[in-house]
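According to TrEMBL, the protein carries these features:
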type	residues	note
TRANSMEM	21-44	transmembrane segment
TRANSMEM	64-83	transmembrane segment
TRANSMEM	103-125	transmembrane segment
TRANSMEM	153-177	transmembrane segment
TRANSMEM	189-213	transmembrane segment
DOMAIN	290-404	domain 'FAD-binding FR-type'
Amino acid sequence: MSVALRSWTANEGPKHLIMMVWVAVNAYLFWSTFMLYFSGAQYYYLHKMLGLGLCISRASASVLNFNCSLVLLPMCRSLLTFLRGSQRVTGRRVRRLLDKSKAFHVVCGVTICVFSVVHVIAHLVNMVSFSVGYTEEFPALNVAQYRGQDPRILIISTVPGVTGVLLVLVLFLMFTASSYCIRVSSYEIFWYTHNLFIMFYIILMVHVAGGALKYQSNVETHPPGCAHNNLTSWTNHRAAGEKGAEFSGGPQKVCQEQARFQPHFPQTWLWVSAPLCLYCAERLYRFIRSSAAPVTIVSAISHPCDVVELRMLKRGFKPRPGQYILLNCPSVSSFENHPFTLTTCPTGKNETFGIHLRVLGDWTSRFSQLLLQQSNSSEILPMMQQRRYPTVHVDGPFGSPSEDVFNYEVSLCVAGGIGVTPFACVLQALFDDWRRYKLRRLYFIWVCKDLQSFYWFADLLCGLHERLWRDNRPDYLNVQLYLSNTQGLQSISEERYRFLSSRLRIGRPKWKLLFQEIGRANQLKRVGVFCCGPKGISKTLHTLCNSNPHSGTAFEYNKESFS
């Protein structure tokens, strides 16, 4: 149990600690703001008019300000990549926290949606209260023009009301289009609607400048509840039990002057300005870097199972194994950028880099047609005979969890189908020079539905195996291939792929037994577990990493996820 606790602490401890701090800050902001508007002297008359609607609307606004500033930071890809690659700045635990940036972005986004609903409901109640509680004694407090005015008119005739409706509409589009089913079925819809965040922040800045809610600016000379010498009608109303009397609560002394009210300076600017400027500067830097010069496409190779390998060349492009890029093809879409893991990185001998993309969806279908439309050949063409390819811009490279494969003495890489791409670059780096890394043993598990998928990197796997045998390190690489489609007997028959044929198994991996085997072979060590594949495999591995107590081996789980 102590080993399982150690694994759980390594995998979940820092993440849960950050979440506890985040929840505590949100709770503090909500409660402190609620109490300020509930009992603050400067809000005495406004609270008498609006009641709890005022407190809840302002408390939820504080939470929204906090999360609207945080939600941008996890999307600063270049900044996170710099921090990830700076070994002196970040340790392994901090890097693994940075890998959770996408999850934190989602959490902040959901929080914004939830508290936006609370904020909207509270303000709808406030609009009714403004209409019902209209007061002639303090005209500056009124939003309504007269008592009993239709609250719907107040919504469509005020700046906060109109901008609030627009914000709700934009947020609804962004939230619904971010659902998993839409992202999988039509990534383009998700991409375009998510970029409405620019409009969201512009409208938000106008929304907070509306000045509908006001505070009392002369509390010292007009303490809340006091009566001014000239306000005889107000005291008479109180005696008669009318609405205006609720403001005073019984005059305790005579005021020096009548209450004065003024709108707040917008607080949202203070919260959002710095993160927004940082994000915009980062996006501008990335735009200049990616559009400065398009990449040179060296070759496009068609592989089995609708996979296209793209080899490119770009001056000054120096990625690390495990990183990913964003690809933009103006001939397909001027604005869409799609993430792809690098399967080949530039080396001293070869300056090209490459990706493998699965033709799945409208964008990849159109892009692959442009790449392969003039030839069905799967051979690499010489540079002099190179055909004309579409213009392609590359943004990146960006960091990912797979970079840390080399930072463990023992690593377990689990891939499902096309999820093998992050590890292909790792295998290529080991093939070039495995001695330069800390890694001393690599377990590579690849699960596919189609036998032909294994041919994507068959030459690389066999080449690395032969290289390690020549270097007298046959135990360095442990390869296991699983064909999940059990219908019919299938095998890799080519003689040159005999190594892969001997490692091929029909069915699915028995994960628990596999972890027990790795634990016994690597006692008292930390094993880095890296996964890129379906959610079912990911969930199983995550559970086993947190609960496995065998042989004193601690398993640290890392999930590949593009931000």
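Note: Cβ is positioned from N, Cα and C throughout, glycine not excepted.
Residues of the same chain lying 6 or more positions beyond the ends of the transmembrane segment (189-213) and with a Cβ under 8 Å from any Cβ of it are 46, 54, 58, 68, 143, 158-160, 163-164, 166-167, 170-171, 173-174, 177-178, 182-183, 263-264, 266-269, 272, 276, 335-337. The residues of the domain 'FAD-binding FR-type' (290-404), classed with DSSP into helix (H, G, I), strand (E, B) and coil, number 20 helix, 39 strand, 56 coil. For the transmembrane segment (153-177), the list of distant contacts is 109, 112-113, 116, 120, 123, 127, 130-131, 143-144, 183, 189-190, 193-194, 196-197, 199-200, 203-204, 206-207, 209-210, 212: same-chain residues at least six beyond its ends, Cβ to Cβ under 8 Å.
Mean pLDDT of the predicted structure over the domain 'FAD-binding FR-type' (290-404): 83.
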